[in-house]
């Protein structure tokens, strides 16, 4: 009989051979894994280097907040060729919400207009409640002071992005209520209506007027929304969702929509837009951001409203702004692909405390989805501290 110890001694060389064979077979696998990781890093670096400086500036303007001192970039790097005037609009304003009311802040892609504001009783409809404009600083310098010279300096526009944030400043013992955010697709249309002329017999004439479709959504809360306590605040972005960045003309002669001599019923509009001290300038190709703040009776809700927009204008040659125009940047497919990827994947909105998480998500989209490294600063200081792993190669571009 062969003892167990003897059998173990005889089997030991065979076990050692198998272990050595396994180690030898694993070595190529490890080398392949290292080679794959090395190739991925090289691809990330190559793609980053392939992206042009104007492309990086475009993403910086589109997705960096106004808290950072950045220029508006050199324009949208698509196939358009011509002189453009990139502009980064910024608004920072304190706001107090009326107790017992629900306040609608509609951030729409209207050049020079930060948002439209309306108030209604809690639970009531916004139908027929005028949306009053809140202008960006410098509106008159860009669009003139009268409705007849709105297009004297710039004749056309297209949006790269816009964003808005409500940052509560209320006392923690006095606030109450909720904040809800969702997107509304608005469209400028030309509607017809019949007008009776006092002749004998009376004559009916067909008239045309511009109108904004989609405002009925002010009374709707879609499933795809952000809802939270007022004290949590919100931050949201909207980008161009059309296949191309199309230019739209600057509208002239409209102090309201519909015009003053046309009723909402005639224009088939849910409610009207008023522009006290400003004018209606047109409507771009991106969803409006609807921010609904509900303030119960007795609550004290105050906040800082921040709105920003990256817009590209076509300057008028007879304007003094023409000398500041520049050639539109060359087509950059890497930057445009990054823009579209982020547009698909960013959430409707986030709470103020989650700003860092929001921007970490944007950064991960750029790294994993497109295999190039970048870093994007956040909308508030807390967001900037949440970003890790800044790539030194392009870090200076995002400071």
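Positions of Cβ are set from backbone N, Cα and C atoms, glycine also.
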**OP:** Kindly point out the range from 1-46, 47-92 that Swiss-Prot annotates with region 'Disordered'.
**Re:** 1-46
Subject >> Rounded inter-Cα distance in Å - residue 216 (Ca(2+) 3 binding site), residue 244 (Ca(2+) 5 binding site) >> reply: 27
Original post:
In sequence order, what residues of the same chain, 6+ apart, have a Cβ less than 8 Å from the Cβ of residue 244 (Ca(2+) 5 binding site)?
Top reply: 78
**OP:** Give me the non-local Cβ neighbours of residue 246 (Ca(2+) 5 binding site): same chain, 6+ apart in sequence, Cβ-Cβ under 8 Å, ordered along the sequence.
**Re:** 158, 285
